[in-house]
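Here is what TrEMBL records for this protein:
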type	residues	note
TRANSMEM	25-48	transmembrane segment
DOMAIN	41-290	domain 'G-protein coupled receptors family 1 profile'
TRANSMEM	60-86	transmembrane segment
TRANSMEM	92-114	transmembrane segment
TRANSMEM	135-158	transmembrane segment
TRANSMEM	198-221	transmembrane segment
TRANSMEM	242-261	transmembrane segment
TRANSMEM	273-292	transmembrane segment
Amino acid sequence: MNSYTNNCTGEFHLLSFSISADFQIVFFTGILLMYLLILLWNLVIVVLISLSSKLHTPMYYFLCNLSVQDIVYVSAILPKFLAITITQDLRIAFQGCIIQMFFFTFCVGTEFLLLTSMAYDRYVAICVPLHYTTIMSKGVSIILALASWLVGFLTALIHSVMVSFVSFCTSQYINHFYCDLKTMIQLASSDTTHIKTLLFVVCVVLGLFPFLLILTSYIFIISTIIKIRSSKGRAKAFSSCSSHLTVVILFYGTPLSAYMIPESEHSQEQDKMLSLLYTAVVPLLNPLVYSLRNNEVLTAVKNINQKYFRFQTAATNTMKHY
Ligand SMILES: *[C@@H]1O[C@H](CO)[C@@H](O)[C@H](O)[C@H]1NC(C)=O
């Protein structure tokens, strides 16, 4: 059985946003700039962490993973969205849709698990600092990172395979700017109860459960921080997890509210705007939060700068001899 024939015409139309022709170029430029900034910032984070040995700790390795995941995430959605906006050719092949959905689910699942691993890392660092190096060994952090990617991958695979067997014969118009699973299911002409059940289970397992773990970690972290006597020590402990806390709030706030609010209570337009915020803004804030609020990262930038300038000075000195 060829699953691709399940979509009667073999393609969908992504309705995207209804924007007037005058505004189209502005909108396109805005999204393009966001996309390039996201790629740039996240690449900078990956390069920075790889280059500075001071940042070779589990927390920054996880952050590096998060940046790689952000790059994959936006690249699955924004280029097609940009193409649709500028050409007004709204078509997307059924296979293209499934692939987009695969990468979207893969990244979102991985992201939640990476954030949970980071919360655990912060918990160990602040609550049991003396055992940090033994508990958060290189092996453990690699296992946590690998498991995050693997679970995200398997979830995405199951989703995509299931959706590729659904028939979409009545309508091919997806009222969204990418192939959003929830929007697509509403168009299905065959029974989708099993997918809805799966979606619910995944929301609980990959959304709620990690959230509770993160919450538990922070309850322990905060109660430990409160007990620290010196205010300097308290500030130091808090600053080592404030970036992560900010990112967690950003990541959880948007998708959870989008997926958990009952369908009748918010319009599809609101849903799309919220998704746009999540796809174009949050992946940009993640490296920003970490780089601007964090002394360690700023010092790493300075060190790399110094190294580079020292190299330049050496080069100019050598040049002078000739
Ligand atoms: C992801 O995290 C693991 C564990 O800390 C690390 O070994 C690996 O280098 C990271 N990979 C990337 C691409 O950031």
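Glycine too: its Cβ is placed from the backbone N, Cα and C atoms.
Against the transmembrane segment (60-86), stretch 25-48 shows more Cβ pairs under 8 Å than any other of 25-48, 135-158, 198-221, 273-292. With a threshold of 8 Å between CB atoms, the same-chain residues lying at least 6 positions outside the transmembrane segment (25-48) that come near it are 17, 19, 55, 63-64, 67-68, 70-71, 74-75, 78-79, 81-82, 85-86, 280-281, 283-284, 286-288, 290-291, 297, 300-301, 304. Remote same-chain partners of the transmembrane segment (273-292), defined as residues 6 or more beyond its termini with a Cβ less than 8 Å from a stretch Cβ, comprise 17, 31, 34-35, 37-38, 41-42, 44-45, 48, 63, 66-67, 70, 73-74, 77-78, 176-178, 180, 243, 246-247, 250-251, 254-255, 257-258, 298, 301. Long-range Cβ contacts of the transmembrane segment (92-114) within its own chain (Cβ-Cβ under 8 Å, at least 6 residues beyond either end) map to 4, 6-7, 10-14, 62, 65-66, 69-70, 72-73, 76-77, 80, 84, 145, 147-149, 151-153, 155-157, 159-160, 163-164, 168, 174, 178-181, 184, 202, 206-207, 210-211, 251, 255.
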